[in-house]
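Engineer: Before I ask anything, let me first share the structure, which is written out below as structure tokens.
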Amino acid sequence: MALPLKSTLFLLFLILVSNIFAPIISFGSSIDQEREEFYEELLLRPLPDRKVLAHFHFQSTAPPSNSNGRHHHLFPKAISQLVQKFQIKEMELSFTQGRWNYEKWGGFDPISSNNAKPPGVELWAVFDVPQDQVDASWRNLTHTLSGLFCASINFLESSTMYSAPQWSFRPATGNIRYGMLPREAVCTENLTPWLKLLPCRDKAGISALMDRPSIYRSFYHSQRLHLISNKSGPEGMNPGIVLEQVLTVVLQPNSQRTGMTFSGEKNVQPSWSLSSIFGRKVSGKCVLAKSSNVYLQLERALVAKLKKNKNKGADNIASEGFWSETGFELSVRPDRVFEEENNSHRKDSSVLFEFSVDKYSDSQPFDLGLTWKFPVIWSCKPAPLHASRFLMGSGNERGAIAILLKSADLHDASLGTCSSSDGYKFRVDVFQVVPWYVKVYYHTLQLYVNGQPKAVGDVIEKIHVSPSKDKISPGVMEMVLQFPCDVKSAVLTLEFDKGFLHIDEYPPDANQGFDIPSAAISFPNFYTSLFFPGNGSVDKSPVLMKFQEKNPVLSYTEVLLVPLTTPDFSMPYNVITITCTVFALYFGSLLNVLRRRVNEEERLLKSKAGKTTRLSRLLSKLSAKLRRKPQETPETPSNSSSFISSKLLLKIFLVAVLAVAWQYYFE
Amino acid sequence: METKEENEQLNKTRGGFWTWVMASVIFRLILIYFPQNLNLSSRPEVSTPLTSLRRLAEGYWLKQASMSPYAGSMYHGSPLLLSVLGPLTVKSIEGQPDHVLCSVLFVIADIMSALLIRATGWKLQMAYKKSLEALGIINRLVTSGDIAALVYLWNPFTIVACVGLSTSPIENLFIILTLYGACTRLVPLAAFGWVMATHLSLYPAILIIPVILLLGYGPDAPPRKLFLQKGYCKTGDKNSSHVHCAQEEMINRSKEQIIFSRRPVVLFFFWATLWSIYVLVLCSISVKQYSSLWEMFQRTYGFILTVEDMSPNMGVLWYFFAEVFDFFRNFFLIVFHVNILFMVLPLAIRLNHRPCFLAFVYIAISSMLKSYPSVGDSALYLGLLVLFLDELADMQFSFFIFCGYVGISLLSPVMHNLWIWRGTGNANFYFATAIAYACLQIILVVESVGAMLNHDRKLRKLSVANLQDDES
């Protein structure tokens, strides 16, 4: 009987304790749950050139609060400390390998416009500090990020590497600094710290898909970290931060059926599944995530093509059975289907399938597969003008940069929107940073519209140039161009001289050349936004929210590789010695010529002095000169030596005095 | 009879001179109308960062875009040059080459320089003839003024610098103007030339010593000791002499040669301060809007003194400073610039009786050791060298030096092409030609100074012989 009693007492105690503490625990946890949120999402999209785009989107939010002190429930502490210390308003850091193919993978949707980044590292940050402290904050920030992400972001510290765009890069931002490292090699040591910022890392949830070999085998991958802090609360509170971590990968699914395909089925898109492209499956959600969804997006053009294939009139696309008949099959039944609501493109709109990962577990992992039945050919919607940039000229002395804007396709309705939206002009913003060793002559700016040379004033509405200073700052060029709507191609050329650097300034592989960072070209008249109605307003997914934002279309040009001449790196000693020899030759020979008279006169005197008395006269003269005595004694050398030594002493004394004066003066 | 013949000959040579001048102008115009300017304007030998017209155009563009012309690291010249040449770079006449107005300006500057050289040569020759007569040495002199002017005009270096759109013809014009003004004792002109030349390229500042000597003692003459000797000898045999007045006159004249007249020198300083204030005021007006005078000094003189731009040129400093270790940089900067100043005083002491020649030596030295030398500088001192044709008649190695100049001016573009354009050579190839060029210039300077001193020795011997003749 003693045992049950004891156990009941113990139970009672437990209940009591739990009753006392439960509200506190639940209260605390409820606050944290309420305030700090984490979403994980993955968007998949088949691309026209037999590839698959995977777009991971993780979002953590920390609302403004002071109750937590420095502690966070979900939000990465490193990031919040960063924001607090450097007073960052907004920041974006991206690591990219490969180049986004604007022609094939599209240039007019939110993903290509917001997430396609130039190769290497791109970092920009807006600070909330006084104007004179911005540079110092930037320098500290680069060092911190470089430590955080194991990358050489600290090279952005030097003033030759970053710039302060005024209006073309991001409108209406004050203390912005922008830097790019086009040659940064991105690898797994950058991804691991990035994953560490996620609450579940890559152990659970969607991020478990991130198999390193398959990501780094991809054609393009870009990991991005974007944070916005807003100080909406009162002073002294921690700012609210929204941290977006995005990884965009373009993968080539290996089609296992290659052996079996018939020659006629060459155009059949490769079928893929999550396990075939990533080599892993999703085994349930990350328990800390508020929502965990996978989306499959079919583009407008693809949907239109599928509809055509179906030959059944306009059906409700969202209805079930539509996709099973139209040419592809999904291995998992979608939880929801959205159709894009679009004003300008009424005919076709993109379709989104939503899959919730909540209900899957280790025993029953989530593995979305897509199997194509019929060949489909479609193309993504490109940016209004396709921008590319190239170098002209040969040799290592000078050259020219050309930016070519080519109208993508004329049958498209983009030109119609151009005329309707903003008069009859078509606006293009160009933002270009050029390192100082590429010395651009801005007065040589030339413009050709549709092959015809145009006066600069006709096309350029606004231009801001801050020319490069040697070893101090890079050259920045911001331009607003206004083209007529029927523009087919436009070329912009700038001539430059290649600089010559000190041997210490060359990188280890100097003959590889130097990179000119990408230019950013945006089209402010065109906005990217995809709106999917029917999505519940309460739990709006962050990806879809992002899609809804009205952002101008932005595309980056290629990175240019400029070969620079190199001096001979093995020569410093030779050059120093040879040059100094030449200078010594000059100095010595000229001085010799100038003082030759003395010898000659002496010789003359000697010859004049006759032969018999020459020696005695000379001796007397010498002694008289040395001792100022008309005496002729054989002891002259000793005497003279004493005299010389006294003179020498005087000299030494003078030098010493000089040295003391020098020392005194410099103290 | 004799004088008539001489006059005829003179007229003939004058006619010849003018035809040659016209021919050189026409030749230049033909070259200007070649397409692309024969790519001369981009040659490193022709346009240095200081003299390139392309950089000037960039500076003008920046100024027009309401920025400081010194905003980038492009323009390093004077703001006055910018306001004169800037508008000309933008204007282009239909159907004419782009920079035709600037080119025409440079041609005019060249012609003016040549004429000033000629006038200086005449002046020098007259004075020299007089002083030789005073010493009793009869010497038939060549008309070195005309020859020097023609050599200056037809020197390929001058032509290339003029056609290749570098501003060095204008800098040269001001240097020659200084010498001309000092020779003809036009003190305000000399001061103006000196102030402008210093303002444009800094190095002519050392010409103040020859100018002071020129104004104080008059143009080049044999060593003053000879006149004194002559005078004393004449006074020594007073007892046996007959005519007193002539001797007195002689003594006075020799004394006149020796006494340093302070008045023009003081005047020169006065005018120089006046002109420099004027130039500074003009500069500050033209830069006031977007920058400051301090920035101007930093960007022009600072750029010259701290050899910032390391693009290849004819000198040796670019490669040196591209290769030298950073912690030695300041030391070598001081050493190289002091090297120019170091020789100023010894040369001034040794050659104080020949201020024009002294000016030539200074110009040659500074164009050899300056941070961004170009062929325009060489053209100037080669033109001035010919002014001393009589004195330097027995200079050694003259043929060797001539061949060297020809060889270097042919080899240097080849090496540059191999290194920069073809990528088959390397920097050492081009640097080797630069070293050879520096050595050649050193030999030229040393030999010419040596020849001049030998000439003085010869004169002394002659005058001593004359005296002994007189005595005996």
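Keep in mind that glycine also has a Cβ here, set from the backbone N, Cα and C atoms.
Keep in mind that TrEMBL annotations are predicted by a computer and have not been checked by a curator.
Quick paste of what TrEMBL says about this protein:
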TRANSMEM  B:17-34  transmembrane segment
TRANSMEM  B:100-121  transmembrane segment
TRANSMEM  B:141-166  transmembrane segment
TRANSMEM  B:173-195  transmembrane segment
TRANSMEM  B:201-218  transmembrane segment
TRANSMEM  B:265-287  transmembrane segment
TRANSMEM  B:327-349  transmembrane segment
TRANSMEM  B:356-372  transmembrane segment
TRANSMEM  B:400-421  transmembrane segment
TRANSMEM  B:427-453  transmembrane segment
Engineer: Is the transmembrane segment (B:400-421) close to the transmembrane segment (B:356-372), in the sense of at least 3 CB pairs under 8 angstroms with a sequence gap of 6 or more?
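Structural biologist: Judged by the Cβ rule, the two regions do not touch, with the required three close pairs absent.
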Engineer: Please report, as numbers and ranges, the same-chain residues at least 6 past the borders of the transmembrane segment (B:173-195) whose CB is under 8 Å from any CB of it.
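Structural biologist: Sequence-distant neighbours of the transmembrane segment (B:173-195): 109-110, 112-113, 116-117, 119-120, 123-124, 204, 207-208, 210-211, 214-215, 219, 264, 267-268, 271-272, 274-276, 279, 355-356, 359, 363, 380, 384.
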Engineer: Hey, which bits of the same chain come close to the transmembrane segment (B:100-121), Cβ under 8 Å, at least six residues off its ends?
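Structural biologist: 17, 21, 25, 28-29, 32, 53, 85, 88-89, 91-93, 143-150, 152-153, 158, 162-163, 165, 167, 169-170, 172-173, 176-177, 179-180, 183-184, 356, 383-384, 387.
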Engineer: Before we move on, state whether the transmembrane segment (B:327-349) and the transmembrane segment (B:201-218) share at least 3 Cβ pairs under 8 Å, counting only pairs 6 or more apart in sequence.
Structural biologist: yes
Engineer: Can you see whether the transmembrane segment (B:141-166) and the transmembrane segment (B:17-34) are touching - at least 3 CB pairs under 8 angstroms, only pairs 6 or more apart in sequence?
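Structural biologist: Yes, the stretches contact each other.
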